[in-house]
Structure formats: structure tokens, C-alpha cells
Amino acid sequence: PKRKRKENEVEQEIEETPQEKKLRLAKLYLEQLREEGEWDVDRTLFLSEILEQKGKLQRPLAGGLVAPDPIEIRLLRGHKLSVTCLCITPDEKHIFSASKDCSIIKWDVGSGKKVHKILGGRKGTEARHVGHTAHILCMAISSDGKYLATGDMNKLIMIWEAATCKHLYKFTGHKDAVSGLAFRRGTHDLYSASHDRSVKVWNVDENAYVETLFGHQDVITALDCLGRERCVTAGGRDRTLRVWKIAEETQLVFHGHEGSIDCVQLINEEHMVSGGDDGCLCVWSVGKKKPVSVVKQAHGVHGNAGLKEPCWVSSVAALHNSDTVASGSHNAMVQLWKCGQGFRGLDPLFTIPVTGFVNSLKFSTSGKFLVAGVGQEHRLGRWWRVKDAKNGLYIIPLKRQNREAETEQ
């Protein structure tokens, strides 16, 4: 029996990958530290990070959040037309935004002032204009803050030096509008998605195209990526989300929306959140083909009696590795949500008044603030206009209850 037990142990070891072993040991070690009361902050943080990356640990932040006072919300204006996309620099000092007016603006978060504006060009001036001459739909910044990538309706991807806003390269190859961009964290690998139904991989350091992946049956509307060599895409009216494993050249397909899926963001490496024109907000686990939680009519309904339709969910954001999610629509508010244990269930926290189509939402890395890119029109089309909306960026501070209140509860 002794030999048998030994064999079993060996078998168990073989089945466990190095990554899984690292995870198991990190968990054990964390438990030990907790029991012994040895709370070495640095070490614990490092272990927590390992667990967070695997989606095994949720930073419980949502419970402590309180709605900001409307006076504290700042509106930055500078774009003539609807803001379609934005990104926050890793140091949280600047925000880049882009618009249907083809321009890109770099903002200073502290002062709310414009640091730089890359003007849009008129149609037909492509040969001599440095910048976009078509609606910009998406943008991404590398995790070291070095490169900014922007994609437009004219099938082009532009690469900029984020610090100086200097134009570096132009990537051509997509056969239709570029609708999603994301840098893989810790690298200068760029993933792009397009209305031509393909995903492309680029190496920005080398100014090089790497490969193309196919699978979606309709235009891709959004793309996101974290640290792994994989990305997630929303396939519009093919009603699927796909997780692409780049190295293996395989894809996982997810079903659950009843209409066009217009936005998707990763919460951590294992979970994601999506929204669509069916008015649903869905949370997914990479291990399950169907959503783990669905909120129908997440932003209510609009239209006349008898013809009421759900408000489209036009943007989603997640505070990475936490239980906090935000969604935007055109019903004059941004909604914050708390993910339940194991990402089952989404509970509404509070709303923030914002008029217009919320086309883009991003949490700052630390979770100190949330930025909403707003316009009179939806990012992907002109079905109707919200006339009293201001085309701009709303900086929304995320306040936490003071510590005393927490200890009393």
C-alpha cells in the first residue's frame, strides 16, 4: 500500500502544471500567514497578485463606494463631435480621448486642461495630413505608457508616442473599420479587431504585422486584453463573444445575448463583462459557455407606451481584479455595479447623472476615478441624437466611505 500511495502522489504531481503548483503554494502560504498573524505587506501583496491574475481573488472594493456629489464631477470639453473612445495613462496623470471629428486630445487630469490636440483632417487629405481623416472608433495605450494606438473607420491604425503625441507608424491591412484595440499588458504586442470580422496581431516595437485570426460571422464591435496571450472580442450581430488563444490559434465561443453585442471588458483573466442593444449586461466566466449572471434592462426602457424597448448598453468598464463594474447607455446615467461572490449576480450600487450616449468608460488603475466619454450619437452609428448632450469627458471621482463608518458596520 505504501508503494501505491507513492505512485498516486507522483501521478498527482505530473498532472499539475508549474502554473497550478505556483497557485496552490501561494494559496497555502497566504493561509499560513493569516493563521500565524504574520502580515508581511509586500509578500502578501505579491501573493495576492498571483491569485488575482488567475481570477481567483476578488478585491472587494464595491461595497465601500459611495456616490460622488454631482458638483465634484468635471466635464472636459474640446471635441466638436461625439467622443467615441478614451484611455487613461498608467500613471493616471493624463487621459487621451478621440472623437467622430477625427481629432485626438491629450488632457491633464489634475488641471482638466488640454496638453495636446492632434487635429483631424478633411476627407481626401490622407496623403498630406498627419492624423486621422475618418471617425476614430477605438484607442489603447501600452502598460508602460510608451505607445498610443488609435483606429478609424478608414481601416487604419495609427501608432503615436504617448509622451510627445508624435506620429510613429501607420498599420494598414484591415479591410474595414478598425473597431477595437488593446495592448497585451507588459508587452508592445497590439491586438486589433475590425468590421472585416478579423482579429490582427501586431508588434509595435518592430513596426510589424504578425498574424490574422478569423471566426466571427459579423462585424467585431469591441476587443479587450490583459496579461495573457489572448484577447476577447464582441461579435455584434453574430451574438457571440470569443476568447482567442493566440499561441494555440484556437477560440472559445460564448452565447447569451439576444441582440448585437456592442462592448466587452475583462474583469480579470478569467471573467468578463459585456453589454448589447438587447439592454442586457452579462458577466461571463472563461470556463462556461453561458453567462454566469445577466441583468435584463440594465438601463431601463425608452420609447412610447406600447413600443418600449430596452436602452442599449453602449459601454462597460471593470476595475481590474475587483468586484466593481460600470455600464453606460443613453438614459442619462452611468450605473455602478457590485459583482456577487464568484461573479454570480450583479447588484446596482448607485447611478451618476450623465446626458448623452456613454460611448466609453474606463476606471483609473488605482480606482480613484472613472472617466466617461460622452456624445450626442452612439459610437458606431447615427441612429438618433441626444440633442442636449455635451460632447466631452466626464471625470467621476470614486469616493470610499471613511474607515470609521466601515468599522461600525
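A Cβ is built for glycine as well, from the same backbone N, Cα and C atoms used for every other residue.
Long-range neighbours of the repeat 'WD' (76-117) within the same chain, counting only residues 6 or more positions beyond its ends whose Cβ lies under 8 Å from a Cβ of the stretch, are 131-141, 143-145, 148, 150, 152, 160, 162, 165, 356-357, 359-360, 362, 364-366, 368-369, 371, 373-379, 390-395. Marked as repeat 'WD' by TrEMBL: 76-117 (among others).
Beyond its flanks by at least six residues, the repeat 'WD' (129-170) meets 84-91, 96, 98-100, 102-104, 106, 116, 118-123, 176-183, 185-188, 190, 192, 194, 196, 202, 204, 207, 222-223, 379-380 of its own chain at Cβ-Cβ distances under 8 Å. According to TrEMBL, the repeat 'WD' annotation covers 129-170 (among others).
Sequence annotations record features per position, and here TrEMBL assigns repeat 'WD' to 171-212 (among others). With DSSP classes pooled into helix, strand and coil, the tally for the repeat 'WD' (171-212) is 0 helix, 24 strand, 18 coil.
Annotated repeat 'WD' per TrEMBL: 213-254 (among others), in sequence order. Sequence-distant contacts of the repeat 'WD' (213-254) (same chain, at least 6 residues past either end, Cβ-Cβ under 8 Å): 53, 138, 176-177, 179-186, 189, 191-201, 260-266, 268-269, 272, 274, 276, 284, 286, 289-291, 320, 380.
For the repeat 'WD' (254-294), the DSSP-based tally of helix, strand and coil residues reads 0 helix, 21 strand, 20 coil. According to TrEMBL, the feature repeat 'WD' maps to 254-294 (among others).
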Do you know the DSSP helix, strand and coil residue counts for the repeat 'WD' (76-117)?
0 helix, 23 strand, 19 coil
Let's see if you can do this one: DSSP helix, strand and coil counts over the repeat 'WD' (129-170), in that order.
0 helix, 22 strand, 20 coil
